[in-house]
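According to TrEMBL, the features are:
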type	residues	note
DOMAIN	25-473	domain 'Major facilitator superfamily (MFS) profile'
TRANSMEM	21-38	transmembrane segment
TRANSMEM	79-97	transmembrane segment
TRANSMEM	109-128	transmembrane segment
TRANSMEM	134-156	transmembrane segment
TRANSMEM	168-186	transmembrane segment
TRANSMEM	198-220	transmembrane segment
TRANSMEM	281-305	transmembrane segment
TRANSMEM	317-339	transmembrane segment
TRANSMEM	346-368	transmembrane segment
TRANSMEM	380-401	transmembrane segment
TRANSMEM	422-442	transmembrane segment
TRANSMEM	448-469	transmembrane segment
Amino acid sequence: MAGGFSVSGSGVEFEAKITPIVIISCIMAATGGLMFGYDVGISGGVTSMDDFLREFFPTVLKKKHEDKESNYCKYDNQGLQLFTSSLYLAGLTATFFASYTTRRLGRRLTMLIAGVFFIVGVIFNGAAQNLAMLIVGRILLGCGVGFANQAVPLFLSEIAPTRIRGGLNILFQLNVTIGILFANLVNYGTAKIHPWGWRLSLSLAGIPAALLTLGALFVVDTPNSLIERGRLEEGKAVLRKIRGTDNVEPEFNEIVEASRVAQEVKHPFRNLLQRRNRPQLVIAVLLQIFQQFTGINAIMFYAPVLFNTLGFKTDASLYSAVITGAVNVLSTLVSVYSVDRVGRRMLLLEAGVQMFLSQVAIAVVLGIKVTDRSDNLGHGWAIMVVVMVCTFVSSFAWSWGPLGWLIPSETFPLETRSAGQSVTVCVNLLFTFVIAQAFLSMLCHLKYAIFAFFSAWVVVMSLFVLFFLPETKNIPIEEMTERVWKQHWFWKRFMDGADKHHVVPNGGKSNGATV
């Protein structure tokens, strides 16, 4: 158990040990990421299995085995894309209900609801007899994703001591990558089981679903959530327990005051649009859009399909997807270690260079080697494509992947945090849906230039980070206005008049002094 202090911007030190209950709560909560990752990873492998295609998409199976069809267009089917993308559309809708439950019922109960949705969705998918059952199952899983992605990052940000908040929050993203790897390994094994291997792939999602549900039954709710709902004594008791000390008055008072201000906000979504909340909102929305336009989900959903398109045989394509999944997990560990040391901006900028170079290299190789009729890359070139995909995945996994979730969850003030998280998840799922629904058609029409398309976006997002994204490492959530937004060359103009809303410890009002 480690001891230490989190320093408040107003000079007050919050005593906070890293207690076993914090670690266990965070690991249990982060299993929501495991479920999300499994759902992302499983669909690409299942949609490249002949048994699955024979049952639900016979026209795609016919196209896949006909040589006269363009290599880039083998899988261009709106129904097949809907199987993958319906999950994200449902998640987008569920997010708005999840915002209400997160605020009114607490973070813990919202995670429990997510777990139940996941379990029912898994049953529908595993037992699917027709396309309708399959899509209903994916929609229920999507509802689970909406609730889990709303509650889990908030839970992690609120329960973690400030100095390790980044690392603990990234546990969610680490579990997403483990879920993707687990899904790729499962697909690699079940592809050999005929004719029901795909059913096993979809059913094994029940394991992370059960873990999340059990975890939500046993964790405590966050002090912020309890205090927000008027349960002050319970909130203080939980704060003592998770901080491992009786000296919690300064932090407790700050949360109570933040909560009091939050209670005065009757319409959190309307409040989000106010001028002083614009920097957080703009950054949260753009980070989600940029995260999708790196092209990562195109690669993660459809890695087996993509490698198949490039002429890898089914076994080899699933094997390559397993390699990229493993790289994803290991690189996310790099982020857990470095995010609170080197900061958020440095990781994003370094990754921008790496992602740009690897995608340009992939576009060049495919442009030269993969035509509509010929897909024989040759052994050396094939290895190079896998290496470049891994280079791209690794840089995403220690930057845009985890930080796209971490930065919004730590920058919104308490009165708009739940609504802000809801908008973050909603925008993320909307653009995930757009990419999932469009990627196979884009691959068919743009061919190798699809990677040039994504690399151009990487340049745009890196410039945005360079000029407009402030550093938030080691700054308590309640101190963001004074220490981040009011100090930033561009965003400080939106902070006029923020003082009267800004919260400082011990019930005082900020005088706008520079911290």
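Placed from the backbone N, Cα and C atoms, the Cβ positions cover glycine too.
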Can you say which of 79-97, 346-368, 448-469 has the most Cβ pairs under 8 Å with the transmembrane segment (281-305)?
448-469
Would you kindly list the residues that approach the transmembrane segment (109-128) from elsewhere in its chain, counting only those six or more residues past its ends and only Cβ-Cβ distances under 8 Å?
29, 32, 35, 94, 98, 101-102, 134, 136-148, 150-152, 155, 199-200, 202-203, 205-206, 208-210, 212-217, 219, 221
Lying 6 or more residues past either end of the transmembrane segment (198-220) yet within Cβ distance under 8 Å of it, the residues of that chain are 21, 24-25, 28-29, 31-32, 34-35, 38-39, 42, 45-46, 49, 51-52, 55, 108-109, 111-112, 114-116, 118-119, 121-123, 125-128, 137, 141, 144, 148, 155, 179, 182-183, 186-187, 190, 238, 241-242
At a threshold of under 8 Å on Cβ distances, which of 79-97, 168-186, 448-469 pairs most often with the transmembrane segment (422-442)?
79-97
Report, as numbers and ranges, every residue of the chain located at least six residues beyond the transmembrane segment (168-186) whose Cβ falls under 8 Å of a Cβ in that stretch; write 'none' if there are none.
22, 26-27, 29-42, 45, 152-153, 156-157, 159-160, 200-201, 204, 208, 300, 303, 318, 321-322, 324-326, 328-329, 331-333, 335-336, 339, 397, 401-402, 405-406, 409-410
Check the domain 'Major facilitator superfamily (MFS) profile' (25-473) for me and report the mean pLDDT.
88
